[in-house]
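Written out below as structure tokens is the structure these notes cover.
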Amino acid sequence: MEFTVIDYSIFALLLVLSSAIGLFYALSGDRQRTVQEFLLANRNMGCLPVALSLLATFQSAVAILGVPSEIYRFGTEYWFLGCSYFLGLLIPAHVFIPVFYRLRITSTYEYLELRFNKTVRIFGTITFIFQMVIYMGVVLYVPALALNAVTGFDLWSAVLTMGLVCTLYTTLGGLKAVIWTDVFQTLVMFAGQLAVIVVGAQRVGGMTRVWRLAEQEGKISGIDLDPDPFERHTFWTLAVGGVFMMLSLYGVNQAQVQRYLSARSEREAKLSCYAVFPCQQIVLCLSCLTGLVMFVYDREHPLVPAQSSVSSDQLVLYFVMDVLRDLPGLPGLFVACLFSGSLSTISSAFNSLATVTMEDLVRPHCPGLPEARATLLSKLLALGYGLLCLGMAYVSSMLGPVLQAAISIFGMVGGPLLGLFCLGMFFPCANSTGAIVGLLSGLAMAFWVGIGSLLQSTGGAGSSPPPNGTVLPSVGGNLTTILATTLLTPTPVPHSPTGLQKFYSLSYMWYSAHNSTTVILVGLLVSLLTGPMPAAAVDPRTIYPVLPRLLCCLPRKYRQRLCCGVGAAQDTNPTDTVVKSNGMANGLPPPGRGEEEGGQGYGAPTYALQETCF
């Protein structure tokens, strides 16, 4: 169908308002004159905008198209992923946020230098940059390609418009503009999905009839308690494997941690994490209901000829355009919804990449960099990554069948990074050698299984992806789970795999748990073989004594042994931590810098060892 003037106007309004938010924050307040204001919004954000930004960061257009197609093809079993959201958000709120917030860091990878050394920090930073650079071009290109195939919406006009607008407001307005545009774009996403559900359900007789017909066709799934890790979706793969995916996304990912650190207090950061939980459930419900409505609508009003071959994400767009064809403005609203998903994800990528590059690669080597010049350089980095994103979108257009592999790289990295942070935070005996070897082992395992699964799914003419596995390993939540379902076409069930083929059929929901566990086990083994890190060399602020707290029934002396002689920094105020007037957090000096403003003194911090209190 062709867009009307009203549809184009609504889409243009999204872009204009997003740009206006960036301009507003570029010209108001301190006008982004300091690095802290540009990268951390002056650590003065409230919990609600931070929560909505956390939600929007990885609710990409690929996700908006992917979940309905998953429900359309396989039924509502994916809905049980919502069970993982509770622990997947509770653990970051009570484990990762307190550690990161009280260290007063800007980049997540500063933690790795405080816990291990600078080499581990660089390894983590390079891994993250590689992950995000590959992904951001794909997340810009793929939705525009699907939209072009269905609606005729000009492909490169969409790509260039989104890329340039996003680069504009991210470069001018900093993190504060990114967060507030995320809030606006989240509301647009909700409105677009809700419009499709309401109109679509009305055209097939209401939601009651949709549910009844879907149940008759076997699309309403019960609880499958099969513990087999090679089954693609069961209750355990979704509810337990999904926890590890959520932790890699909401626990240690720079784009999310940066939002926690922008909150005005530790309490606000925790509340933002709590507030994401109901929002995530609403998003999941809207996407799943869209898939059910699409299934019933397609049965009564076939969206494409039976002999036509279209991908699932394109089918979602055919459904939306057919349902909304007689309602001027609503197709434009859904396109705005789709592009809001892309804008929120890409802007977060630009800002987080500029942050880690500035804090982990530039400042340690330029300790005397003036604040004004550091701020300008941060803006230029954001601009540079924006232009790089456009280049990566062009590269994505030339990849063809390799595009799936490019997308899967994002998922391969999240699990090992989660394992690296857990190794440092939960096991005081782990040393830097174990951390590096563990990370490399986890990445090797992730790429081995991921590429093996991809080759198995594409090897040979007429071959089909294994239904129990996926071509895409996952990293977290609705981000890479959706990528795992978006680009696959409906396939028949193949014969039962054996040997390595069976291993490659491991459910993608377990990939994050499998890869992070590999990092921890290899890291601990190498640390024990090369000599555990001395207790005196470990900053107690970087440790969370998870084992002593889980095994609280043990006698005190055994719990102390589990801490490997490392005392924990006492929690003087567990509900709220703010920086004291003398610049100290909880009485401890800011880590890693002798002079906060000058950016000097990236040497070893002064440790304050205290007796652990259980």
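A Cβ is built for glycine as well, from the same backbone N, Cα and C atoms used for every other residue.
Annotation comment: TrEMBL describes 575-584 as compositional bias 'Polar residues'.
Residues or ranges marked as region 'Disordered' in TrEMBL: 575-602.
Cβ atoms under 8 Å from those of the transmembrane segment (6-27) belong to residues 161-162, 165-166, 168-174, 176-177, 180-181, 184-185, 188, 328-329, 331-333, 335-336, 339-340, 343 of the same chain, restricted to positions at least 6 beyond its ends. Feature annotation from TrEMBL assigns transmembrane segment to 6-27 (among others).
Here TrEMBL flags 47-67 (among others) as transmembrane segment. Remote same-chain residues near the transmembrane segment (47-67) are listed as 78, 139, 142-143, 146, 178-180, 182-183, 185-186, 189, 193, 249-250, 255-256, 259-260, 262-263, 268-269, 271-273, 275-276, 279-280, 283-284, 287-288, 290-291, 312-313, 316-317, 337-342, 344-345, 348, 476-479, 481-483, 485-486 (criterion: CB distance under 8 Å, separation of at least six residues from the stretch ends).
Remote same-chain residues near the transmembrane segment (79-101) are listed as 71, 108, 111, 221, 223, 233, 235, 238-243, 245-247, 250-252, 257, 260-261, 263, 266, 269-270, 273-274, 276-277, 280-281, 284-285, 288, 421, 425, 477-478, 481, 541-542, 544, 546, 571, 574, 577 (criterion: CB distance under 8 Å, separation of at least six residues from the stretch ends). As annotated by TrEMBL, transmembrane segment applies to 79-101 (among others).
Sequence annotations record features per position, and here TrEMBL assigns transmembrane segment to 122-143 (among others). Packing against the transmembrane segment (122-143) from elsewhere in the chain are residues 60-62, 65, 107-109, 112, 159, 162-163, 254-255, 313, 338-339, 341-342, 345-346, 349-350, 352-353, 356-357, 360-361, 385, 388-397, 403, 406-407, 409-410, 413-414, 416-417, 420, 436, 439, 443, 486-487: each is 6 or more residues past its ends and has a CB under 8 Å from a CB in it.
Here the transmembrane segment (155-175) has long-range neighbours at 15, 18-19, 21-26, 32, 37-41, 140-141, 144-145, 147-148, 181, 258-259, 262, 339, 342-343, 346-347, 350-351, 379, 382-383, 386-387, 389-390, 393, meaning same-chain residues at least 6 beyond its ends whose C-beta is under 8 angstroms from one of its own. Residues or ranges marked as transmembrane segment in TrEMBL: 155-175 (among others).
The annotation transmembrane segment is assigned in TrEMBL to 187-205 (among others).
The transmembrane segment feature in TrEMBL is assigned to 234-252 (among others).
The feature transmembrane segment is assigned by TrEMBL to 273-297 (among others).
Within its own chain, the transmembrane segment (333-356) is flanked in space by residues 3, 7, 10-11, 13-14, 18, 39, 53, 56-65, 106-109, 125, 128-129, 132-133, 135-136, 139-140, 143-144, 147, 151, 153, 158, 162-163, 165-167, 169-171, 174-175, 178, 181-182, 185-186, 188-189, 191-193, 195-196, 254-255, 258, 320, 324, 378-379, 381-382, 385-386, 389, which lie at least six positions past its ends and keep a Cβ under 8 Å from the stretch. Look at TrEMBL and you will find 333-356 (among others) tagged as transmembrane segment.
The transmembrane segment annotation in TrEMBL covers 402-427 (among others).
The annotation transmembrane segment is assigned in TrEMBL to 434-455 (among others).
The transmembrane segment annotation in TrEMBL covers 508-531 (among others).
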Of 187-205, 234-252, 434-455, whichever stretch has the most CB pairs under 8 A to the transmembrane segment (273-297): 187-205
Residues of the parent chain within Cβ reach of the transmembrane segment (187-205), under 8 Å, 6 or more residues beyond its termini: 14, 56, 59, 64, 213, 282-283, 286-287, 289-290, 293-294, 296-297, 300-301, 319-320, 323-324, 327, 330, 333-334, 336-338, 340-341
